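Participant: If you scroll down you'll find the structure; I have some questions about it.
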Amino acid sequence: MSLKPALLLAIFLHNYAIIATLASDPDPVQDFCIPQKGIATCRNSSAVTVEDFVFSGIKLPGKFSETGLAAKSVNVNVFPGLTTLGMSFVRADFEVGGINVPHFHPRATEIAFVLQGRVYSGFVDTENRIYAKVIEKGEVMVFPRGLLHFQMNVGDTPATILGSFDSQNPGLLRIPNAVFGTGIEEKLLEKAFGLSAKEIANLRRKFAPHELS
């Protein structure tokens, strides 16, 4: 191999390594980081207490939406103790028949553990193949990073799922809200979904931003 192709290959591999690294949360360079309020720096460890590593906000279910879902996220925005640790959590409670609409997390893989109930869970890959089944108490299912996934309580009692993410802030895009609750051009939506202007208008009212939960 001549010097020029070898150099180009080395540059390519270097850039690929950088891109791969940026695709997930960076590794921490210290034991932990509890941010100072209003300042983007970490507190001195001598000013940190055990309370900085405890979060009690998911003892009870949250407020249920029209879809029968109450989700409480435990990410770096509400629990600063997660800062730089590359992980987060969610509690999701479902009423009978409740659903978690198709959505995805752009920055994280999720693993969901069924604490109680029977939940139809699944995801769709980039070739539009669906992987779905009913998972029950004590079972787990993984949803790969960035892939569309969904859940529905198919039991006759309430259900609860605990989810773990490999990012301190995984992000969340609900498909109905992202499509119909934003300012995408109406004509595009009509052609994409084969819907009339009236139907699009009804969906836009339903998923308007002020109605998100």
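Backbone N, Cα and C atoms are what each Cβ position is placed from, and that goes for glycine too.
Annotations per TrEMBL:
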| type | residues | note |
| --- | --- | --- |
| BINDING | ASN100, HIS105, GLU110 | oxalate binding site |
| BINDING | HIS103, HIS105, GLU110, HIS149 | Mn(2+) binding site |
| DISULFID | CYS33-CYS42 | disulfide bond |
| DOMAIN | 56-201 | domain 'Cupin type-1' |
| SIGNAL | 1-23 | signal peptide |
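Relative to the rest of the structure, where do these features sit?
Facilitator: If you take the C-beta of GLU110 (oxalate binding site) and look for same-chain residues 6 or more apart in sequence within under 8 angstroms, you find VAL142, PHE143, HIS149, GLY163, SER164, PHE165, PRO170.
Secondary structure by DSSP for the domain 'Cupin type-1' (56-201): 22 helix, 59 strand, 65 coil.
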Participant: Please work out the number of neighbouring Cβ atoms within 10 Å of the Cβ of CYS42 (disulfide bond), leaving out its own Cβ.
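Facilitator: Around CYS42 (disulfide bond), other Cβ atoms within 10 Å: 17.
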Participant: Under 8 Å Cβ-Cβ from HIS105 (oxalate binding site), six or more apart in the same chain: what's there?
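Facilitator: Within the chain, HIS105 (oxalate binding site) has Cβ neighbours under 8 Å at PHE143, ARG145, GLY146, PHE165, SER167, PRO170, GLY171, LEU172, LEU173.
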Participant: For CYS33 (disulfide bond), what is the tally of other C-beta atoms lying within 10 angstroms of its C-beta?
Facilitator: 19
